[in-house]
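Before any comments, here is the structure.
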Amino acid sequence: MSTTTTPYVAFKVKDISLAAWGRKEIELAEAEMPGLMALRAEYKDEQPLKGARIAGCLHMTIQTAVLIETLIALGAEVTWSSCNIFSTQDQAAAAIAAAGISVYAWKGLDEESFDWCIEQTLFFGEERKPLNMILDDGGDLTNMVIDRYPELVAGIKGLSEETTTGVHRLYERVKAGTLPMPAININDSVTKSKFDNKYGCKESAVDAVRRATDLMLAGKRVVVCGYGDVGKGTAASFRGAGSIVTVTEIDPICALQAAMDGYEVKKLNTVIANADIIITTTGNKDIVLGEHFEQMKDKTVVCNIGHFDNEIDMAWLNKNHGASKIEIKPQVDKYNINGKDIIILAEGRLVNLGCATGHPSFVMSNSFTNQTLAQIELWNNSAAYKNEVYMLPKHLDEKVAALHLAKLGVELEVLREDQAAYIGVEVQGPFKPEYYRY
């Protein structure tokens with residue numbers, strides 16, 4: 001596709017007058033994102049991303065604004081779109097646009113605009129220079145470049161991918177032989193999956209449902225579909241609010257973990273009729289189907305905290321009961337099924353970003369510090385990598401964790417030489433073998 005089909009648009013946001021509000025929130029978030037701020041201080045003179053043109057497709061939130069400005073502080077040029085139609089915080093997008101950064105994002109995109117916004121990030125400035133790095137969340141940007149703009153691939157040094165779903169897409173490409181550049185899997189860094197996915201969801205899942213519904217969660221029967229890291233955090237979130245939580249699972253290991261964590265583990269069909277809230281966390285498709293909707297009681301709340309909107313069969317719901325749909329407020333809709341009202345949050349998309357503001361700044365600093373280190377590594381050392389999916393090395397995973405300890409008042413013990421020799425590690429780490437499971 002010719003670059004002439006994408007004329008230069010400096011930015012597109014909902015309301016640029018929100019910039020001052022967004023800037024205040026960004027400054028507040030910076031105080032809670034010690035990893036990113038430490039990288040700015042460490043690399044400000046070295047400028048390790050100088051010359052990089054990073055196209056990013058990741059939720060355009062206040063926390064993401066801190067990531068964007070970190071990449072720029074390290075020398076990069078950046079363009080940005082959001083990876084979800086509902087996840088943009090308009091004040092964050094406005095603040096980034098007001099800072100002279102090309103951002104194309106607003107809350108409530110339709111599918112056509114969503115695609116348009118991603119496309120705008122492929123070329124930089126009035127000179128329309130093409131991207132040479134990708135920072136993705138879910139794989140939509142990556143797929144657009146590879147499938148629709150293959151002529152740009154040769155100039156791209158690599159990509160980093162944020163989330164479970166996007167990583168799955170990358171491994172599918174490796175298997176099919178269609179991944180044309182090296183990729184770093186951010187999601188499975190310990191300091192991402194065991195923190196963002198678990199502790200982030202532990203705080204943001206309940207926050208979203210409360211904001212959307214004003215329900216008293218204590219005593220409510222909640223079904224959490226899936227018990228991976230996201231499911232673990234989500235189940236803990238509702239348990240902490242006093243809910244009675246049941247888990248569904250396909251994996252015997254995760255099911256055993258859930259049972260030993262004190263949750264009942266049941267088939268969805270056996271518990272759905274009594275559920276007050278159902279939340280999907282699996283990253284798979286077709287978890288809540290038409291047959292399940294028909295079993296739900298009046299006023300059941302249904303939502304999803306996986307990346308895409310295909311865990312809940314919204315197509316069936318809209319085809320068969322769309323005429324009954326009533327918008328209660330943005331991202332909260334009521335459908336009537338056989339005389340019973342079913343409440344759908346965020347149209348089945350990410351509830352914590354559709355109905356709230358996502359994970360707290362501190363835990364996102366973990367994830368985004370990983371992203372920044374991955375971009376530095378691929379930009380400077382791409383020749384060392386094949387067109388495969390890689391993990392950040394353990395010493396960098398440990399570095400990300402270490403950068404966040406002082407904020408929490410954590411003090412580390414230090415190994416003596418004889419102790420390090422005894423367990424076969426260096427005094428300064430890494431402290432665990434690659435096969436260690438945290």
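The backbone N, Cα and C atoms fix where each Cβ goes, glycine too.
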(message) Quick check: of Asp137, Asp140, Asp214, which does Swiss-Prot put in the same substrate site as Thr61, Glu162, Lys192, Asp196?
(response) Asp137
(request) Spatially speaking, which of the binding-site residues Thr61, Glu162, Asp196 is closest to Gly226 (NAD(+) binding site)? Use C-alpha to C-alpha, please. (result) Asp196
(request) Round to the nearest Å and give the CA-to-CA distance linking Thr61 (substrate binding site) with Ile305 (NAD(+) binding site). (result) 16
(message) Which one is it: of the binding-site residues Thr61, Thr163, Thr165, which Cβ has the fewest other Cβ atoms within 10 Å in this structure?
(response) Thr165
(request) Give the sequence-ordered list of residues that share a chain with His307 (NAD(+) binding site), lie 6 or more positions from it, and have CB atoms under 8 Å from its CB. (result) Cys83, Asn84, Asp137, Gly138, Thr163, Thr164, Thr165, Gly166, Gly283, Leu350
(message) I'd like to know which of the binding-site residues Glu162, Lys192, Asp196 sit within 10 A of Val230 (NAD(+) binding site) at the Cα level.
(response) Asp196
